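First comes the structure, then the notes that go with it.
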Amino acid sequence: ISSVALGLASIVFWMVVSIPQMVKNCRNIAGVEGISILLILQWTLGDATNLVGAILTNQLPLQIYLAIYFVFADLVLFSQYIYYQIWKRKQAKEQREYRPGTLPKIVLCFTGAFLGTNFLGPAVYQAVSPFQNQGSNMHIMQHPAGRSLLATNLQHNAVIFHGFKDEIGYAIGIVSSIFYIGSRTAQLYKNYKRQSTDGLSILMFWLAIFGNLTYGLAILVRELDSVYVIRHVPWLVGSLGVILLDASLVLQFKYYGGEDFDTLSNEPLLQDQEIVVEVEPSSRQYGTIN
């Protein structure tokens, strides 16, 4: 029961993990300045790998629906990056001044909410309903790090892999974990290079920490058999290991501090700078008359 509860908590954290960053991007013009494109791309590739694995291994509909939702959420962040970094920057260069319009901001801000309420809600209900009377036979599946889902009970014995399907799942877990770790490493490097965390939402990384923590604990509290742990090494490394990277990102927020980009939401992207030159008065020496 505790494993299922931790898994459900992890799902909740991961369902909303991107929303703080989406909202922050919508509220200010420089919202994506601090985001590493490699963070978005590798995060998306990790979730896409999840989706492919769920389909190839014939997982429950709930797992597939959630994997699709995660990919859509990543694409929303990616579309925001494209919107601000390419199209609006080009427009700003031509006009020399840019003030964000209301309609694009509204569309971007509510895209995530629309996906969650209109797509995920009915999908989760349809996927869970066949298993409402099978609570004792469900547990947290061996799934790529950061996206803990539900699956039917699996048998564990001395054999690590029980067939080609298990081998595929293990390989997918390794690849997905590499993507998730790489995404955080890229963001850590960009923050270090910029000496700033401006434009990033610290809440997104806190949610990721709690999501990975509950997921890793859901695996460990279920069973500590050596074979079981070996089968879950990619997901343990990709969840509990990523916590260290996310914690490092949170520490960067504390170390670098940063300007509140929300105050820049109504400022032009390009503006004239006033240069003030201060001239020190020349020193003079005066003689005295004896």
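One-based numbering along the chain as shown.
Even glycines carry a Cβ here, placed using N, Cα and C.
Annotated transmembrane segment per TrEMBL: 6-23 (among others), in sequence order.
For 35-56 (among others), the entry in TrEMBL reads transmembrane segment.
The annotation transmembrane segment is assigned in TrEMBL to 62-84 (among others).
According to TrEMBL, the transmembrane segment annotation covers 105-128 (among others).
Feature annotation from TrEMBL assigns transmembrane segment to 168-187 (among others).
Taken from TrEMBL, the feature transmembrane segment covers 199-221 (among others).
Summarising the annotation, TrEMBL assigns transmembrane segment to 233-251 (among others).
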Return the stretch with the most CB pairs under 8 A relative to the transmembrane segment (35-56), choosing among 6-23, 168-187, 199-221, 233-251. 168-187
Which listed stretch (6-23, 168-187, 233-251) has the most C-beta pairs under 8 A with the transmembrane segment (199-221)? 6-23
